Amino acid sequence: MSSGIQVQQVVAPVLLGEGPLWEEHNQSLIFVDIFECNIHRYFPKTERHQVLHIENCGTGKSVSFAIPIEDDPNLLVVGLGRSIAVVEWSPNDPDQHSVTPKGILHTVDDHVPQTRLNDAKCDPQGRLWAGTMGPEASPGQPEMYKGSLYSVDSKLKLTSWVDRISISNGLAWSLDKKTFYYIDSCAYSVDAFEYNDDTGAISKRRKAFNYKSSGLDKDIPDGMCIDAEGNLWVANFFGKKIICINPETRKIVRQVEMPAQNMTSVCWGGENYDILFATSAQAGLTREEIATEPAGATFAITGLGVKGLPSQNLKVDMQLLKAKFTN
């Protein structure tokens with residue numbers, strides 16, 4: 001690890017931490033604990049920690065992502081099992097709180113009901129992109145090719161883009177908004193698509209980085225974000241590290257060793273977006289392994305000398321959204 005880089009645990013371990021996202025309006029970090037059906041919010045300045053439990057959290061009983069809605073950031077679009085739903089959660093709520101969903105926007109994968117939603121993010125125009133994955137016999141070993149990748153636009157139109165996905169994971173968009181980077185974990189690669197920012201269409205899939213040919217034989221690519229220089233930061237499940245990839249040269253340019261083996265995702269945050277937050281998981285480890293490391297903790301990485309970009313909130317027609325609540 002380069003001198004000056006510091007890795008600090010900031011939130012206590014959970015079972016399966018995922019989906020970190022920096023809330024600019026609250027100066028807080030939110031992330032999910034998937035199988036506990038919890039959303040966490042951490043305020044670095046005060047170290048306050050809120051937890052929201054979702055009742056009726058969908059088939060498969062999972063909460064896989066939580067993203068604020070632009071016009072009302074106390075509303076979050078969330079992944080509940082196979083459903084894309086909306087919940088309400090404010091910093092003014094108690095630190096331990098529970099809610100039921102206000103409404104369901106879409107339920108996906110009706111043809112393969114054993115799947116569940118996994119990672120999600122909004123593109124530069126505020127469309128939601130969310131993918132599914134097959135059921136896992138153990139972490140990183142799903143039923144293959146059961147998942148799909150979807151988008152939801154401002155009019156709540158659902159579009160399916162890619163099928164035969166095993167574990168839909170990291171998503172990022174290039175600085176020029178012409179390339180969409182995407183991870184299907186079981187493909188052991190970071191793929192790139194041509195991306196049309198006006199329409200949201202993706203096409204011409206190619207490999208931007210290959211794990212196996214880069215010597216990462218045991219690591220599984222998981223969540224991902226992009227920095228202000230256009231490099232991709234990828235959390236490595238079973239890898240105990242985060243790697244930084246130059247997608248143009250297809251090479252690893254930096255690597256951050258982590259104290260937890262199963263790193264799950266990353267995002268940029270802090271007032272200057274110079275802190276890389278990283279989630280991790282206990283899932284997939286033995287009791288003995290969990291006892292020897294901070295598995296499932298959330299970390300703040302500082303001193304990287306590079307900045308990231310703000311997370312994009314969901315942009316949606318609020319009248320259409322509220323109609324979903326009343327139907």
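Heads up, the Cβ atoms here are built off N, Cα and C, so glycines get one too.
Because TrEMBL annotations are produced automatically, they should be read as predictions rather than curated entries.
Since this is a predicted model, take the numbers as computed values, not measurements.
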Per TrEMBL, member of ASP123, ASP217, ASP219, ASP222 binding divalent metal cation alongside GLU18, ASN169: ASP222
DSSP three-state assignment (helix, strand or coil) for GLU136 (substrate binding site): strand
When distances run from the Cα of ARG116 (substrate binding site) to each of the binding-site residues GLU18, ASN169, ASP222, the nearest one: ASN169
Beyond the site residues ARG116, ASN118, GLU136: chain residues whose C-beta lies within 8 Å of the centroid, for substrate: ILE34, GLY60, SER62, SER64, THR115, LEU117, THR132, MET133, GLY134, PRO135, PRO142, GLY147, ILE167
Length of the line joining the Cα atoms of ASP222 (divalent metal cation binding site) and ASN118 (substrate binding site), in Å: 11
Which same-chain residues, if any, lie at least 6 apart from ASN118 (substrate binding site) yet have Cβ under 8 Å of it: GLU18, SER64, PHE65, GLY79, ALA130, GLY131, THR132, MET133, GLY147, ILE167, SER168, ASN169
Stretch-averaged pLDDT - the domain 'SMP-30/Gluconolactonase/LRE-like region' (16-282): 96
Binding-site residues compared (GLU18, GLU136, ASP222) - the one with the fewest other Cβ atoms within 10 Å: GLU136
